[in-house]
Ligand SMILES: Nc1ncnc2c1ncn2[C@@H]1O[C@H](COP(=O)(O)OP(=O)(O)OP(=O)(O)O)[C@@H](O)[C@H]1O
């Protein structure tokens, strides 16, 4: 079983023909509410591949919170450890004009996820084969969860986004870390060869369409991405992380697991929205076998 500790958001996306100027009101073209939040996205990615998944998080006692809980349940994700609070559900307000996105995130209820909630969900964590975390919740909560996982001997896969919430002291206690290039440069510096050598078989840097790289203790390993036609890359990283965790607890080697995660993420970029494009196990194996290519 995989437990995901993290954010649950409703994305409010408005397509427009022009951005409004200060004080101006304009008519938008289209409005969509799209389930998101890195935590929820990574939980859906792992669940759709067939993992048993439990989510620990916090939503508001409002309609977005209810909807998001239902969306997770429809993906067969256990939601018993998702707390409802009086603070509104986290949202991302996304303004889209051509290829330009302007995004405002209001963490809301996500920042109400406290160490006490992690403690209350201890039993779920203790029986997990892996815990996935990102950094869209309070730093003290992340720190507490990492400590609890260490005590319970449960491997942690940490996706350090946003990088500003990362604490380098966690490196000793986590099992895998999956920054993208920007996050890696921000946290560890931009000499990626050196950084990877420092954390063999632990750090996997994702490289967008180029795939991912890590250091196996002896050699630098580059696992190329799968070239495909991109519709929307939102959630590519989340799919990669959910799929990586799935493959690792299935017993795949790191090399195989990164390859698997690249394939899963390549399928996700072919469809609109983060969760919308996340593949099933069958479609990942189909692509690996070259079926329908
Ligand atoms: N254009 C693409 N074509 C194929 N695979 C892609 C593409 N972009 C991303 N991927 C896959 O997704 C993984 C994660 O992408 P990336 O390194 O951009 O992470 P990210 O910045 O966290 O993603 P995002 O924020 O867009 O979800 C890559 O390692 C790769 O497997």
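Quick reminder: no glycine exception, Cβ is built from N, Cα and C everywhere.
TrEMBL: automatically predicted annotations, no manual curation.
According to TrEMBL, the feature domain 'Carbohydrate kinase PfkB' maps to 2-280.
Residues annotated as substrate binding site in TrEMBL: 9, 10, 11, 37, 38, 39, 40, 41, 136, 238. Following the DSSP three-state reduction, the secondary structure of residue 11 (substrate binding site) is strand.
DSSP gives residue 180 (ATP binding site) a strand state. For residue 180 (ATP binding site), other Cβ atoms within 10 Å of its Cβ number 20. The ATP binding site feature in TrEMBL is assigned to 180, 206, 207, 208, 209, 210, 211, 237, 238, 262.
For 232, 234, 268, 271, the entry in TrEMBL reads K(+) binding site. All protein chains shown were included, and the count of other CB atoms within 10 Å of the CB of residue 268 (K(+) binding site) stands at 30.
Under the heading active site, proton acceptor, TrEMBL lists 238. Its Cβ placed at the centre, residue 238 (ATP binding site) has 30 other Cβ atoms within 10 Å. In the three-state DSSP classification, residue 238 (ATP binding site) falls within a helix.
Not a single one of the binding-site residues among 9, 11, 40, 136, 268, 271 has a C-beta coming within less than 6 Å of an atom of ligand 1.
Of all Cβ atoms in the protein chains displayed, 25 besides its own lie within 10 Å of the Cβ of residue 136 (substrate binding site). When the CA atoms are compared, the binding-site residues lying within 10 A of residue 38 (substrate binding site) are 238, out of the candidates 207, 238, 268.
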